[in-house]
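Would you mind keeping the following structure in view while I ask a few things?
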């Protein structure tokens, strides 16, 4: 009885939803963890959303909510958006994973897309970019550019996404510069300019002359600029306003094509839950222009690495690689599979310090 | 772990930078409390100063004008508190809490459109000769003017409170406002001026964070420093030198914990992040064992008819 009632309601709701879609605009929601003008991660999602809306013109309406904390508040905000009649909701931070899945259960007719997570459901897709490919290029540049052989890394939260980035950068810095050392500070935030600036200053004081960041603000660039001879990389956005010094390159997130494709699927009614993980080749990860401060041969080396990754000739996680404690992980020539990478929770051999639990 | 990576000179120099906003806010609040008023709105005045300073500095390109605007912003906001508590005789605790909430809200509103903006660079002022002294010169005499101002302000407040007639009157108003009133001192006027001084100091402290230390604007960027300043005044038993010590201690442990992290020190990050609060409170509690008490009229409303 209950089940049949539920099914009828669902079927009716589905019918209504389809009718509604046909009748008026498709409403697409976006939830951001930071302000939409943070200069990095959230700003790029916002710009991609605007580009998507422009592509569809009158057919699509976007609603956005910025500065949403990860946690219980997120669930409230996502629910609110679903109640307002959104047909498709993009939740754009790792910490929105469980809230998204919870809300999705309550709204079977609304489609959800969660960035950088791993939990899917019939109406929840996940999408992420292979940022570690970009980190490999940053690592190469960092290893070549450092004179003190100390590279600072401002990490955010100890999740696989961030740990992959640290490992990939370290492996490639080590490859071109065997003496390189990584100093890692965990900021436990995605966006907090004060904390990021403090972390950058401490790393610089401890001898780091290249700073990599997995946080979203431009504060580390400002600190590097004040210090003088320190190189940085744009994160999520190009951050070109800090080039050619200190910013020497960047990882740029390119979400717009994906947003257009998924919104089109909702309009066509062909939307299905997928797990997308694309890299430089598919255009989801862009490498910002390498500035003129970088010597030509180093630049050529980085570009060659990028080409090898794009052609598929090279994978950033190729053996022989050991775990931090010295136990073997990948044999010579062996390539890490996506499953292992998705749940990566250890440092590779050579990185000092422990991952906070 | 590599302790040699931590350079003590640089550590001490950044300790002073980290202590400055806290010191400014706390020394202002100390004067306010010495006059017998408890203003819990420090956090709100700091964050308002932070955005006023940032907005003016970005628009005019002059960081000094920004600092001035920050002090004025903090003072104007504190004037609201002064009207509520000194003329309308509202409850000081409730008014102070409201001031913090109001300050956080209005700063977020004013800050729309300033997120992600770049502030004009603030010049460093090396003091000639003194900054050339090895080690000590870099630690003490190679900062921006606000750092010097904060330390001079501490010295000034101590001197004024201890040795001048103005300080004596201020303390008299704070200890027993009825007696001060009977002697013919304008209790309300003195308190309003003290509150505005506190507001200006807090605003300056906030602007130090948004203009010099970070330098960027984000909502809620003072991150509770105003509350630390309030606690600091109490734990320092209303003595300027102890406020200075507490601020340096807090700033120092804060900087040290980041340094230890970067050096790969094997203590869980969560404990390191917690340590500045614990250590500061612990040390000041031990120091305040001599039972120096609060100004006797602290938090009590005054009206000439009573």
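A Cβ is built for glycine as well, from the same backbone N, Cα and C atoms used for every other residue.
Under the heading transmembrane segment, TrEMBL lists B:6-25, B:37-58, B:64-84, B:96-115, B:135-161, B:192-211, B:217-236, B:243-265, B:271-289.
Show me how these features fit into the structure around them.
Using a Cβ-Cβ cut-off under 8 Å and counting only residues 6 or more beyond its ends in the same chain, the transmembrane segment (B:6-25) has close neighbours at 42, 45-46, 135, 138-140, 142-143, 146-147, 150-151, 153-154, 201-202, 204-206, 208-209, 213, 222, 225-226, 228-229, 232, 243-244, 247-248, 250-252, 254-256, 259-260, 263.
Beyond its flanks by at least six residues, the transmembrane segment (B:37-58) meets 21, 25, 28-29, 65-74, 77-78, 81, 85-86, 92-93, 95-104, 106-107, 110-111, 114, 117-120, 191, 194-195, 198-199, 202-207, 209-211, 217, 220-222, 224-227, 229-230, 298-299 of its own chain at Cβ-Cβ distances under 8 Å.
Residues 39, 41, 44-46, 48-58, 90, 95-96, 99, 102-103, 106, 119-120, 146, 191-192, 195-204, 206-207, 211 of the same chain sit 6 or more residues outside the transmembrane segment (B:64-84) yet have a Cβ under 8 Å from a Cβ within it.
Under 8 Å from some Cβ of the transmembrane segment (B:96-115) lie the Cβ atoms of residues 38-48, 50-52, 54-55, 58, 77-78, 80-81, 217-220, 226, all in the same chain and six or more residues away from its ends.
Away from its own ends, the transmembrane segment (B:192-211) comes close to residues 20-25, 27-29, 31-32, 34-35, 37, 39, 42, 45-54, 57, 63, 66-67, 69-79, 81-82, 85-86, 119, 122, 146, 149, 153, 170, 217, 221-222, 225-226, 229 of its chain (Cβ-Cβ under 8 Å, at least six residues beyond either end).
Tertiary proximity for the transmembrane segment (B:243-265) is limited to same-chain residues at least six positions away from its ends with a CB under 8 Å from its CB atoms, namely 1-3, 5-6, 11-12, 14-20, 22-23, 26-27, 30, 151, 154, 228, 232-233, 235-236, 272-273, 275-277, 279-280, 283-284.
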